[in-house]
Amino acid sequence: MIYDYLIVRFGELTLKGKNRNKFIDRLYVTVKEKLKPFPQLKLKRHFDDIEIQLNNEPIQQVTDVLTKIFGIQTIRAAIKVENDLESIKQGALKIIKSEEANIKTFKISAKRKNKKFPTGSDELNRTLGGHILTNTEDIKVDVHQPDINLRVEVMEHETRIYGKDFKGAGGLPAGSSGKVLLMLSGGIDSPVAGYLMQKRGAVLEAIHFHSPPYTNERARQKVIDLTEKLNDFGGQVKLHIVPFTDIQIQIRDKMPDNYRMTMMRRMMLRIAEKLAEKRGALAIATGESLGQVASQTLESMNTINEVTNLPVLRPLLTMDKVEIIDIAHKINTYDISIRPYEDCCTLFLPSAPKTKPNREHANKFEIDFPINELIQEAIDGIETIDLREQNNKTSLMDELL
Ligand code: ATP
Ligand code: MG
């Protein structure tokens, strides 16, 4: 392997003014935590980037971890050489040689940050370009669309030469947007919604409603597995499992058929709100997409949303199912989501629920419904699963929240 370093460049962070430092701190902590499985790495935080010295750790595996971390724009593989022209020429040629089989064109982008260095940026471009052309065959310069853009940065004490680029995940670092409670079912949509919230810096806790014995251990395990996948993209996600059987039975017995689904959703949202308050989450997120199913019409959302004042975030609202499925594949939740399972939501529901419920009717049907007792009972029965404890991991993220 010819590269000794990976240089992690930040994304939108540069735009964030005063918060910049805090954001970089968070990103640094996340990077450090996620790279724990590679003990030989040495990390250094700079103003513009995080420098990772590889010390023979496998570059591909390390970049695989880094490309999943939000807040990172690019990861560049680099070498460091001494601040003298001869070493820089040798280094540049070494990188090009290692890529020679895969490229036809190149470009040099030299930056002399250290003004004491005697050769200016333009002259460096020309000298290095010339050196590479003389020492290779079949490779040409293309300044517009080169196969490789060889960046050279002459710094205070050393020069960095960058070869391969890896595209980062973009977004904001974990923890920069506070906590959100994700309503996580076993379906395709809600894990994707969680991932997109993590992309904008939210730290997640998840709430799942289950109805034993109508939903079984498999359904539970599925949600645990989905939560574990989401852990890849941010801090550790705590999962709260709420017993929902009693509420569903009461709804079946006391509510008109075509309002059962609306009532069930209102109860779910009320419980989620209570738990969000308890856990310090400022918003609730769902996997709803406008018009996808009966419960996701505007009328339905309007009627369901009435029961909470918390923002209900719906990152999938405007997406088509194919777009959602694409992301589910990308984040490796799809195969888990399509495992067969019993969904508590379909339990006791008529085949054609009302697509246009309204608040007035919903409120009328709830007049004699023991809402508060049922909520309290559900909250008291919550089982919280902390996968980190199970895996015996410690989290630096917690210190930041
Ligand atoms: P998903 O693919 O996420 O299951 P869906 O297309 O099946 O969504 P619905 O069943 O209408 O749609 O659920 C809408 C949203 O309500 C889900 O995305 C999820 O956020 C939440 N939700 C549904 N069922 C549950 C549950 N059992 N526990 C927690 N949240 C749920
Ligand atoms: Mg579902």
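Backbone N, Cα and C atoms are what each Cβ position is placed from, and that goes for glycine too.
Among the candidates ARG160, ARG200, ARG218, ARG265, the residue that TrEMBL annotates alongside MET183, LEU184, HIS208, PHE209, GLY287, GLN296 as binding ATP is ARG265. Across the domain 'THUMP' (60-165), the DSSP tally of helix, strand and coil residues reads 40 helix, 34 strand, 32 coil. Neighbour list (HIS208 (ATP binding site), Cβ cut-off 8 Å, at least 6 residues apart, same chain): MET183, LEU184, SER185, GLY186, ARG220, VAL223, LEU239, HIS240, ILE241, VAL242. The maximum pairwise C-alpha distance among MET183, LEU184, HIS208, PHE209, ARG265, GLY287, GLN296, the residues recorded as binding ATP, is 18 Å.
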